[in-house]
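What TrEMBL says about this protein:
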type     : residues : note
ACT_SITE : A:Asp155 : active site, proton acceptor
BINDING  : A:Gly32  : diphosphate binding site
BINDING  : A:Asn125 : Mg(2+) binding site
COMPBIAS : A:8-17   : compositional bias 'Basic and acidic residues'
REGION   : A:1-20   : region 'Disordered'
SITE     : A:Lys152 : site 'Important for catalytic activity'
There are 2 protein chains.
Amino acid sequence: MTDAAWDNTDKHADHQKSGLRHSKIAVAQVGGPTAVINGSLYGFIKRIRQLEESAEIIGIHDGMSGLLENRMSAIKPEQPLEWLRAQPGSALGAGRKSLTAEDIETCVNGLRDRDIHALALAGGNGTMWACRQIELKARELGYELQVIGIPKTVDNDIMETDHTPGFPSAAKFVAHAVRDLGADLASMRSFEQVRVVETMGRNVGWLAAASGYFKQTVDDAPHLIYVPESRFDLEKMLADVACIQQRLGYCLIVVSEGLRDCHDRPISANGINNGKQNGQGLRALGGVGAYIAEEIGERLGVSCRYENLGMLQRCASLALSGQDQAEAEAVGCKAAELLLDGHTGEMVTIRRLQNTPYRWETGSAPFIKVAGMEREFDSACLGQGGLIAESYKTWLAPFIGDNQPYKQFSMD
Amino acid sequence: MTDAAWDNTDKHADHQKSGLRHSKIAVAQVGGPTAVINGSLYGFIKRIRQLEESAEIIGIHDGMSGLLENRMSAIKPEQPLEWLRAQPGSALGAGRKSLTAEDIETCVNGLRDRDIHALALAGGNGTMWACRQIELKARELGYELQVIGIPKTVDNDIMETDHTPGFPSAAKFVAHAVRDLGADLASMRSFEQVRVVETMGRNVGWLAAASGYFKQTVDDAPHLIYVPESRFDLEKMLADVACIQQRLGYCLIVVSEGLRDCHDRPISANGINNGKQNGQGLRALGGVGAYIAEEIGERLGVSCRYENLGMLQRCASLALSGQDQAEAEAVGCKAAELLLDGHTGEMVTIRRLQNTPYRWETGSAPFIKVAGMEREFDSACLGQGGLIAESYKTWLAPFIGDNQPYKQFSMD
């Protein structure tokens with residue numbers, strides 16, 4: 001280590017040759033888990049073992065918390081890890097933690113203490129921002145550190161990648177769940193008329209919109225889809241629900257948890273969110289969907305039920321998308337290759353080469369192009385009456401598969 | 001038709017020969033749908049078409065409501081119906097309706113008006129009670145009517161059958177969901193400690209207990225399971241949760257929606273249910289699980305989230321059990337055979353012949369042995385710390401399959 005600023009190119013070459021840089025490689029899983037986050041970890045470990053057998057792979061516990069508090073353990077090299085490919089939850093432990101400038105320095109010093117010069121973090125937008133800060137801080141402190149980001153979020157809100165591992169399985173879950181709940185409600189319409197289904201998506205509507213995948217006509221469920229990218233108008237919705245319910249006898253509505261009103265304020269279970277927080281953390285007893293269901297029941301005088309698809313969206317093993325699984329693993333492999341090739345400051349990406357038949361490859365993008373940004377869903381892909389654009393269906397098809405809608409009896 | 005009491009045996013024989021009795025056969029789907037209720041309908045229609053080609057099969061709309069209001073339509077004979085095998089929701093329309101003695105007579109008269117002498121109703125305990133009343137009333141009125149029951153309920157609370165079609169798929173959904181939510185929570189324990197998962201089961205705990213299928217040690221989720229067959233003690237639960245959370249860092253609890261307190265009163269979202277009902281019908285914004293999660297959060301000062309598995313338990317196509325699908329269809333076939341063989345007053349049953357490898361057959365039981373009864377889950381099958389008896393796991397195995405629990409990392 002010298003006092004001089006670290007020269008990116010030269011030192012890379014030196015360390016790659018000496019193998020010093022890659023004697024210890026740390027990896028963490030940040031933020032909420034997905035159904036395939038362990039698949040990326042599997043790909044990462046497998047590829048490191050293949051390419052740099054002597055490397056010690058160090059698992060950081062509980063995401064950013066573990067990085068900040070220097071809680072890490074070596075992953076025993078002899079153990080079989082195939083089980084990671086199909087197991088939801090973050091096997092290393094997840095963690096949500098906003099880092100201050102001081103925290104960032106603490107993280108770098110923690111890595112220095114352990115002589116770790118290579119770091120891979122799997123996470124979303126916030127994590128990519130943290131990756132960039134850690135990389136900059138290390139450079140500022142003259143500590144040689146490679147940082148690579150592995151994209152992961154069911155929200156699908158990361159720039160520069162066609163989509164993020166975790167989203168395809170979540171989308172598959174949501175699309176099937178809403179088709180099934182629609183068939184269930186259709187048959188119950190003689191005593192239950194309206195159902196409000198809430199999906200994940202704090203700021204973006206990719207998941208909520210995926211609920212329209214199996215829908216082919218305005219009569220199929222879902223009949224209305226609301227995403228955070230468009231301002232939500234309660235009165236307009238009530239009028240639409242009344243109209244649909246009158247026409248079909250029932251109405252299924254999908255709402256993204258991050259819905260905002262016409263003043264751009266988030267809507268919570270108690271109507272407009274007044275910012276009140278529970279000191280003990282989140283107790284999600286009902287979000288925006290509960291509020292909307294309550295309004296529909298009271299204002300329209302119909303039986304209205306609220307269904308929160310909940311945490312299963314990010315962990316349901318029965319909805320695991322084979323494509324998602326393959327891509328998550330490939331993204332982990334690519335992160336390993338980038339690190340061992342001396343790269344730093346990049347997030348792995350997925351590039352879509354062709355829709356039908358679907359072809360893809362991994363790539364990478366600099367943190368600067370993804371950190372702090374948010375990739376919105378194009379609400380122009382949402383049509384009237386819950387229909388979604390054919391282009392969005394085609395884009396989703398590799399993740400969900402055959403999109404036959406349910407049928408109805410032909411009776412005399 | 002004569003005034004004399006209808007002689008079961010002789011008339012059967014006459015009509016079978018003449019084919020009169022089976023020129024019109026009516027069928028209805030009563031109560032909440034299941035993932036395989038249409039599979040039974042498919043088996044029923046297919047078998048009738050095979051055995052009595054000239055029979056007109058009449059679908060009753062919206063369950064009991066349609067029977068009472070004489071809303072029925074002939075099912076067009078030429079249409080392919082294979083789609084029924086994998087489509088959730090009741091294709092004929094479901095309906096919940098308690099029938100008075102007068103209603104029963106109205107139903108019989110409605111059938112008489114249409115000259116329908118054969119009726120099959122798919123439903124649960126309440127439906128089997130109604131089947132019996134309709135059959136008795138027809139006999140009293142001197143109207144020849146055969147009535148056969150097709151068991152259907154995710155609750156699995158019907159006597160005389162090893163289990164009910166619909167339950168296996170629901171159990172598969174619950175077992176997988178709880179294993180997945182457990183893996184998700186385990187990885188989140190640094191900022192979310194307790195999760196309360198609510199399952200269906202108004203009066204019985206079969207489904208809630210199925211959540212323990214993948215669990216092998218007390219450390220695996222679920223850590224606590226509560227069923228309606230045992231009185232729920234809040235203080236005891238709080239002590240147990242605190243203990244488990246201290247030991248493992250997190251705790252996943254499964255509660256059946258029909259939980260009752262030590263005074264045998266149902267517990268609702270607002271604590272003990274005071275019987276208040278919403279005039280517009282059910283708006284399920286949170287049941288017993290919401291109440292318990294609230295208590296845990298406030299009393300133990302931990303982050304506690306409530307997850308209601310909701311209607312997906314009875315309709316999730318991704319959780320469709322192949323065994324359930326096969327049995328549902330066979331039960332429908334058997335109902336057709338019983339009717340065409342001149343039987344009446346019976347519900348189709350499933351008999352388990354052998355556990356491993358699983359062998360089964362269909363049978364039948366008189367309504368009098370099932371109507372108005374409830375088959376409870378043996379709470380002795382629930383052990384300490386959410387463990388379920390091996391005998392219950394063996395019994396569930398044909399429905400859910402391989403029961404490997406999730407793994408954990410081995411770290412230095």
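Each Cβ is built from the backbone N, Cα and C atoms, and glycine gets one as well.
What TrEMBL annotates, mapped onto the structure for a quick look.
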residue  : record                                  : DSSP (3 states)
A:Gly32  : diphosphate binding site                : coil
A:Asn125 : Mg(2+) binding site                     : helix
A:Lys152 : site 'Important for catalytic activity' : coil
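A:Asn125 (Mg(2+) binding site) sits 10 Å from the residue listed as 'active site, proton acceptor', taking the C-alpha atoms as the reference points.
Looking at A:Asp155 (active site, proton acceptor) and A:Gly32 (diphosphate binding site), their Cα atoms lie 11 Å from each other.
A sphere of 10 angstroms centred on the C-beta of the residue listed as 'active site, proton acceptor' encloses 28 other C-beta atoms.
Counting in whole angstrom, A:Lys152 (site 'Important for catalytic activity') lies 9 from the residue listed as 'diphosphate binding site' by their C-alpha atoms. Within the same chain, residues at least 6 positions away in sequence whose Cβ sits under 8 Å from that of the residue listed as 'diphosphate binding site' are A:Ala94, A:Arg96, A:Thr153, A:Val154, A:Arg314. The number of other CB atoms found within 10 A of the CB of A:Lys152 (site 'Important for catalytic activity'), across every protein chain shown, is 30. Of all the Cβ atoms in the protein chains shown, 22 others lie within 10 Å of the Cβ of the residue listed as 'Mg(2+) binding site'.
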